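Asks: These came from Swiss-Prot, pasted as-is:
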{"type": "MOD_RES", "residues": "S18", "note": "phosphoserine"}
{"type": "MOD_RES", "residues": "S26", "note": "phosphoserine"}
{"type": "MOD_RES", "residues": "S92", "note": "phosphoserine"}
{"type": "COMPBIAS", "residues": "105-114", "note": "compositional bias 'Polar residues'"}
{"type": "MOD_RES", "residues": "S110", "note": "phosphoserine"}
{"type": "MOD_RES", "residues": "S113", "note": "phosphoserine"}
{"type": "MOD_RES", "residues": "S157", "note": "phosphoserine"}
{"type": "REGION", "residues": "225-309", "note": "region 'Interaction with RASGRF2'"}
{"type": "MOD_RES", "residues": "S227", "note": "phosphoserine"}
{"type": "MOD_RES", "residues": "S270", "note": "phosphoserine"}
{"type": "COMPBIAS", "residues": "282-323", "note": "compositional bias 'Polar residues'"}
{"type": "MOD_RES", "residues": "S304", "note": "phosphoserine"}
{"type": "MOD_RES", "residues": "S316", "note": "phosphoserine"}
{"type": "MOD_RES", "residues": "S334", "note": "phosphoserine"}
{"type": "DOMAIN", "residues": "338-406", "note": "domain 'HP'"}
{"type": "MOD_RES", "residues": "S384", "note": "phosphoserine"}
Amino acid sequence: MERLQKQPLTSPGSVSSSRDSSVPGSPSSIVAKMDNQVLGYKDLAAIPKDKAILDIERPDLMIYEPHFTYSLLEHVELPRSRERSLSPKSTSPPPSPEVWAESRSPGTISQASAPRTAGTPRTSLPHFHHPETTRPDSNIYKKPPIYKQRAESTGGSPQSKHPIEDLIIESSKFPAAQPPDPNQPAKIETDYWPCPPSLAVVETEWRKRKASRRGAEEEEEEEDDDSGEEMKALRERQREELSKVTSNLGKMILKEEMEKSLPIRRKTRSLPDRTPFHTSLHAGTSKSSSLPAYGRTTLSRLQSTDFSPSGSEAESPGLQNGEGQRGRMDRGNSLPCVLEQKIYPYEMLVVTNRGRTKLPPGVDRMRLERHLSAEDFSRVFSMSPEEFGKLALWKRNELKKKASLF
């Protein structure tokens, strides 16, 4: 009877639950004993941390299970009192049926209650997973990455089983999945992104390329010297063969054939400039050399009459034929006169407002002043055709209106 009246011993920070049998494991009835005081679960949060309290788990994370060390007499006398003592960081699994049978038998009361009264901690299985540590390579955190494991495993084999995956892994090591060009200077590698190559590396590369270019130029000059010697020898042979031919016609034919067989070798740096601006400039000056003096200045300024505005032809009245006339063919004139423009007296070219006057055939209605002779032109406009061509378009039109030529 002393054993029945004896209260169960608990640790200083133990949690005991007075639960109803109908509701096993209810968190609302959990209490904790500390310094001979019974504390509810809500009061545990107000306890300062410097108290000597063992680890008390939250009720929603605790495993509630009946203790298996009580006897039949305890079940009769105390039907609703159950205890559960928690040792630090330890939980107990549910007992097996054999243990239940031994604990319920009356002969095992002292044996079952003896370890409980002693208060020794119980060993239990952990509620979380531990990785296997039997093998040294079982820890996944100490293993190399997967692609390195595959590279090590397939490194000895001549052909990989997954060439596409290996190619992707290999290309992922380079920025933009492009390996660097071995001919280019290496870039500076940082933690963020590869920087441009250093100036020292660029300078050395530039010096190497410059030296290689100098060597190539020297080789080219040597080849030119060799070719010059070959040309001299070939010319000497030609002279010997020409001296053997007696007839003049045979000499001419043989000379032409030999000139065709000569290798045409020219350096690009010795060739003249062939840019469009250069050619158009030279073409403009060559064309204007055969023209009169008053038309040469405007043509050299415009360089070509094909791209001049509609009034540019009026600036050069001396363009009588040639390229200037061909440039006006695409401006709507039906039948341009390729030959020299005809000269008419001033009275035949006058335009009046009274009625539509008949102009001579083949006359340009927009440039009637070109059909005037030099004497009539100076008499009507009081200036030379060269001075008239230097005036602005609106000024020329005003003068032509006054002279009834517009």
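Here, residue 1 is simply the first one shown, and the rest follow in order.
A Cβ is built for glycine as well, from the same backbone N, Cα and C atoms used for every other residue.
Keep in mind it's a predicted model, so treat the numbers as computed, not measured.
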Asks: Could you tally the C-beta atoms, other than its own, that fall within 10 angstroms of the C-beta of S384 (phosphoserine)?
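Replies: Looking across every protein chain shown, the total is 14.
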Asks: Any idea what the model's mean pLDDT is for the region 'Interaction with RASGRF2' (225-309)?
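Replies: Residues in the region 'Interaction with RASGRF2' (225-309) carry a mean pLDDT of 58 in this prediction.
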Asks: Using DSSP, what's the helix, strand and coil tally for the domain 'HP' (338-406)?
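Replies: Residue counts in helix, strand and coil order: 32 helix, 0 strand, 37 coil.
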